[in-house]
Every structure is written in C-alpha cells, then in structure tokens.
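Now, the feature entries from Swiss-Prot:
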- 8-246: domain 'ABC transporter' (DOMAIN)
- GLY44, GLN45, SER46, GLY47, SER48, GLY49, LYS50, SER51: ATP binding site (BINDING)
- 287-307: transmembrane segment (TRANSMEM)
- 543-563: transmembrane segment (TRANSMEM)
- 587-607: transmembrane segment (TRANSMEM)
- 629-649: transmembrane segment (TRANSMEM)
Amino acid sequence: MMTKQALLEVHNLVREFPAGDSTVQILKNINLTIYEGELVAIVGQSGSGKSTLMNILGCLDRPTSGSYKVSGQETGKLEPDDLAKLRREYFGFIFQRYHLLGDLSAEGNVEVPAVYAGVTPAERKQRATALLTELGLGSKTENRPSQLSGGQQQRVSIARALMNGGDVILADEPTGALDSHSGVEVMRILRELNAAGHTVIIVTHDMQVAKNATRIIEISDGKIIADRENIPEYASELNKDPDAAPAIANKQSKGKSVSAFRSMLDRLSEAFQMALISMNAHRMRTFLTMLGIIIGIASVVTVVALGNGSQKQILENISSLGTNTITVFQGRGFGDNSKTANFKTLVPSDADALSSQPYVTAVSPMVSSSKTIRYKENEATATINGVSNDYFDVKGLTFKDGQSFDQRSVRDLTQDVVIDTNTQKQFFTDGSNPIGQVVLLGSVPARIIGIVEPQTSSMGSDDSLNVYMPYTTVMSRMLGQSNVRNIIVRINDQYSTSAAENAIVNLLTLRHGQQDIFTMNSDSIRQTIEKTTSTMTLLVSAIAVISLIVGGIGVMNIMLVSVTERTQEIGVRMAVGARQSDILQQFLIEAILVCLIGGVLGVLLSLGLGQLINKVAAGNFAVAYSTTSIVAAFVCSTLIGVVFGFLPARNAAQLDPVAALSRE
C-alpha cells in the first residue's frame with residue numbers, strides 16, 4: 001500500500017490576538033497533519049478557533065508561534081507575495097457568504113484567480129465556461145451574482161476555487177447559507193472533488209455536515225480535542241466506476257502560464273476593466289470627483305491660451321511698427337524737458353549717414369502734421385506723414401492699389417500722395433477709383449498714386465486717416481523746417497539689433513558733438529513684452545494650479561472611501577492569489593483613469609471656452625492653444641492621479657486578508 005504524503009503540517013501552532021494591553025490566545029499548541037487526497041472536517045462551535053485555523057491553513061493568516069508547512073515549505077516567515085503565490089497554486093476557497101464580486105458576471109468571477117496566475121485570457125474564458133457548465137450553470141455564465149440563487153452562487157464559488165487547480169479546497173461553512181436541497185448538492189460536489197483527488201477541508205459547526213468527511217477533527221477553546229477517522233454514509237459510492245462520475249470530479253490541470261511580461265499586461269488589462277466597471281457603477285460620484293480635475297485643467301489650459309493669444313496679438317502690433325527696426329528720436333527720452341529736447345539737430349543728412357552703414361538695410365526720415373483734406377465738397381482732418389520711399393517696406397505696409405513714390409519723387413519734392421483705405425472710404429464713398437485724383441492737403445494740392453491698408457495701432461484697429469508724401473515735400477511746402485521728427489532704421493537680419501543700436505547712437509553722437517538723441521528698439525520691446533506676458537501667465541497659472549491640487553485631494557478622499565467600501569472585494573482578490581502589487585496597481589489605475597478622463601474633459605471645456613471667448617471678444621483679444629500646454633495638461637492630470645491615488649492604493653494593498661474578508 002502506498003504511503004500517504006503529508007500536504008499540510010502544523011506543529012505547536014499558537015495564534016494570539018491583541019486585546020488592549022494584553023493578548024488573547026485563540027489557538028493553543030495545535031499539532032496537525034493533513035495528507036493528500038483526504039476529506040477532512042474541522043468541527044467546533046463559534047469561538048472555538050476553527051475559522052482562525054482555516055485562515056492559517058489557507059495562508060490568509062500567520063501563526064504567532066509554531067510551524068506551518070505547505071508541501072514541506074515553511075510559511076511563518078514568508079513575505080505577503082510569497083503567501084499569495086501559495087494561495088494561487090495550492091488553495092481554493094469556498095466561503096459561507098460566497099464572496100462573489102457583484103460587478104462581475106459568473107464567468108468573470110470564476111476567471112479572477114487565473115488572472116493573477118498568469119493564464120491567457122482565451123484559456124481563462126474557456127476554462128471558466130467549462131467549469132460552470134459542469135456545475136450546471138452553462139446558461140448563467142453572463143449573470144451577475146444578484147441574478148443567481150444562493151445555491152447557484154455557491155457553485156460559482158466552487159468553480160472559482162477550482163480555476164487554478166484547487167489542490168486543497170477550503171470550505172468555510174459551505175452549506176450555512178443554503179437551503180437543505182442546495183446544501184446536499186454542494187456536499188455531493190465536494191465529495192466528488194475529493195474522489196477525483198482534491199484534498200478537501202470543511203470547516204463547520206454542524207456535525208451532520210462533518211459526517212460527510214472521512215476524517216473528523218474536533219476543536220474547542222483553541223485546542224484539538226478529537227481527531228478520528230470516519231466512515232461516511234456515501235462510502236460505498238467511492239468504489240463506483242470513476243467514469244460514471246461527473247466531469248467536475250476529475251482533478252483539473254492548471255492552465256498554461258504565459259511570460260512574465262504578458263502576465264503583467266493581462267493584470268493591467270484586468271485592473272483597467274475593473275476601474276471602468278467601478279467608475280460606471282458610481283457614475284455621479286465619479287463625475288463629482290472628476291469635477292475638480294476638470295475645472296483645474298480647464299483653468300490652466302485656458303489661462304495659458306489667453307496668455308499666448310495676448311502675447312501673439314501684442315507682438316503682431318509691435319511688428320506693425322516694423323521688424324528689426326530702430327527708431328531714432330530727438331532728446332534724451334520720452335518726456336524730456338531739457339534743452340536737448342528743443343534742439344533741431346536730427347536732419348535728413350543723418351539718415352543719409354545711417355544708410356551707408358553695413359548693418360542698415362533701409363532708412364526713412366519722418367515728419368508729420370495734421371491737416372484738413374478736401375476733395376470736392378468733402379473734408380476731414382488727417383495726419384500727413386512725410387516719409388521716404390523705403391518707409392512702406394520698413395513698416396510692412398501692404399498696397400491695395402497703385403504704387404509708392406520713388407527716390408526721384410523725394411529728391412524732386414513731388415506732390416504725390418499715398419492714402420490709406422480709411423481715407424478712401426471717407427472721400428470716395430461712391431466706389432470710384434482714387435488713383436490719379438487730386439486732393440487738397442491744407443493748401444497744397446497732391447495727386448493720389450497709391451492706396452495702402454491702414455497701419456494697426458497697439459490698441460487694435462485704427463480708424464484714423466493717414467496719408468503719405470515725400471518727407472522733403474512736407475518739410476518744405478507744409479512745415480517750412482529743416483529737421484525731421486524721427487528716423488526709422490531697418491537693421492540687416494545678419495546683425496544684432498542691440499549692437500546696431502549702440503552703433504547708431506555712437507555715430508549720431510559723433511556727428512552732433514553730443515548725445516542729443518535716443519532710440520526705441522522694436523526687438524527690445526518685443527523681448528520685454530514676451531517676458532512680461534510669460535511671467536503674468538505663469539503667475540495666473542500658479543493660481544489655477546491650486547484648483548488642480550484641490551481636485552487631487554478630492555480624488556484621494558473618494559479613493560479612500562472606495563477602498564473602505566470595497567474592502568471585502570480586496571479580501572476576496574487576496575484570497576484567490578492577488579499580490580499586494582496587484583491591489584496597489586488596480587486602485588492606482590482607477591485614480592489615474594479618473595484624473596485622465598477629467599483631464600480630457602477639462603481640455604474639451606477649455607477649447608469650448610476658447611471658442612466662446614473668441615466670439616465674444618470679436619478680435620479685441622484671442623486665445624491661442626498650443627500642443628505643449630495640452631500635452632502638459634494630460635501629464636499633469638496623470639501625475640495627480642499617481643500622487644493622490646498612491647495613498648489609497650497603498651492602504652488597499654496593505655490590508656490584512658482576514659480582516660478584509662470579515663468586513664461587511
């Protein structure tokens with residue numbers, strides 16, 4: 001006769017629990033050996049310690065002292081993940097209250113242990129369906145636990161226990177919540193499993209249930225008081241032809257495992273699906289949790305877009321002053337009331353001297369005067385700008401019709417004039433062509449030779465009337481002066497504008513014998529405005545980030561509540577073999593998913609607000625979104641999920657399996 005092999009070995013096992021300042025001893029020097037293929041019943045009344053013993057046998061708990069070995073492996077000093085591995089590979093649990101996951105179907109519940117064992121999804125599904133079919137639930141695979149009777153739920157629990165092979169079946173009061181008929185069916189299934197080679201341990205207070213076992217162990221007050229063989233009434237059935245037994249009685253082989261990487265992906269997929277299921281089950285709470293993230297992300301993205309839009313518009317207005325331009329003024333600065341301000345030393349020859357410098361592309365002296373324009377019976381006040389032929393290129397003005405005056409016109413003091421479209425609308429309301437028409441500028445007649453688009457001012461659109469004539473004509477025929485108001489210099493792109501600015505100041509100071517001029521560099525203004533708007537955007541964004549932090553705290557609070565609500569689910573997952581990292585991963589993914597979806601909705605809200613702002617502002621200012629800010633929003637929402645989701649996830653991962661299972 002073949003010698004039985006010891007499967008579970010307990011020696012001098014003691015389990016104590018703290019009770020105030022002292023401890024209470026629940027199990028007292030337990031010595032027990034369970035062999036492969038046994039059908040054992042552990043019998044005892046409430047408080048006898050039988051459930052504590054079952055928890056230790058199933059690696060859900062640890063002994064305070066003593067030794068417990070599974071297939072010769074000492075468990076007392078194993079890490080939590082090592083105990084989880086033993087639960088996956090050796091044990092299948094059948095609970096009195098079934099402990100099925102309410103958000104999963106019957107098939108989904110049965111598949112859970114195989115997820116953590118690294119079995120392929122296809123094989124998981126095939127095996128779960130086969131087990132449920134063999135247990136008479138082939139038509140109920142998609143039903144939720146709430147749609148099943150107590151007996152059907154217990155059979156799902158049995159199928160789950162067998163999913164990873166179930167070498168040892170631990171049944172805690174398996175008939176306690178069932179009617180008599182369902183209880184008989186469950187015991188029959190357990191007997192068949194034992195006949196097929198499974199080691200079955202039944203924990204019960206009912207001696208009638210215990211009599212189904214071939215070995216009965218009685219426990220009282222934490223001690224084993226009896227350990228005897230038993231001949232059950234169904235013993236004669238064990239000698240029947242095994243081929244006559246249902247397929248469920250044949251010991252199932254473990255599923256094929258996959259690579260560690262594929263197993264990790266499967267567990268991630270499972271965690272992702274469970275996160276979606278949990279979010280869908282509490283839609284309103286999930287939305288309210290997301291709301292802080294939505295508002296925070298929308299605020300940050302919108303503020304950055306407003307800053308970018310404002311900066312872009314201001315820089316476009318600066319560009320209307322001319323790109324790479326330096327304007328030379330008389331005096332020492334705006335508002336200069338010194339004698340230098342009254343000197344009339346800035347003259348056209350200064351412009352000629354500047355035009356010969358290698359860093360200069362174009363130069364235009366400028367004078368101006370306000371005069372009344374008359375054409376037929378119409379008259380209006382306009383600004384007469386005396387400029388050179390290069391002025392239009394320097395300022396980037398676009399011709400709508402006609403052409404500019406040339407260098408000969410400047411030399412010969414011609415009375416040619418270029419008008420802007422505002423002037424055209426004022427005087428040529430009938431749609432006639434202004435080109436070639438003569439208008440009276442003050443008392444000076446001038447022939448229109450071109451039409452330009454109006455120059456945009458720094459405050460937006462400008463409706464003022466502007467006309468342009470050769471500066472020599474304006475100086476001699478209108479103002480009677482020899483000096484110019486300012487000189488606009490366009491710098492060669494290959495030269496630094498700051499270096500060119502210093503060179504201009506030095507040159508004119510040398511020509512005038514003193515520094516009686518100052519400059520305005522368009523690039524310096526651009527850089528100053530860019531820096532200022534960036535700083536303001538950063539400051540306002542920092543304020544908006546506060547709402548993101550508040551949203552993150554909201555996510556953490558709700559996830560802590562979720563962990564509390566789902567404590568029993570966590571216990572079930574640990575019982576079927578989930579590692580601490582699996583639990584941490586599941587709740588962390590849920591937090592990240594909440595924040596990511598909140599980030600997507602926040603960006604969409606921001607885009608909607610941008611459209612509204614652009615429509616309401618009607619060109620006064622605009623929002624300009626950047627890919628960088630949107631990507632940063634998603635990264636930020638993900639980090640919030642990780643940071644604020646870690647504490648709840650860590651709390652979930654560190655739960656004690658026994659305490660989690662006992663939580664209602």
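Glycine is treated like the rest: Cβ placed from N, Cα and C.
On a predicted model such as this, the values are computed, not experimentally measured, just so you know.
Here the features listed in Swiss-Prot are painted onto the structure.
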residue	record	Cβ neighbours (10 Å)
GLY44	ATP binding site	23
GLN45	ATP binding site	11
SER46	ATP binding site	7
GLY47	ATP binding site	12
SER48	ATP binding site	21
GLY49	ATP binding site	22
LYS50	ATP binding site	25
SER51	ATP binding site	20
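Taken together, the residues of the domain 'ABC transporter' (8-246) have an average pLDDT of 87. A Cβ distance under 8 Å defines the sequence-distant neighbours of the transmembrane segment (287-307), meaning residues of its chain 6+ beyond its ends; these are 533-534, 536-537, 540-541, 544-545, 547-555, 558, 594-595, 597-599, 601-603, 605-606, 609-610, 613, 621, 623-626, 629-630, 633, 636-637, 640. SER51 (ATP binding site) carries a helical DSSP state (H, G or I). Within 8 Å of the Cβ centroid of the ATP site, not counting the listed residues GLY44, GLN45, SER46, GLY47, SER48, GLY49, LYS50, SER51, the chain contributes HIS205, ILE219, SER220.
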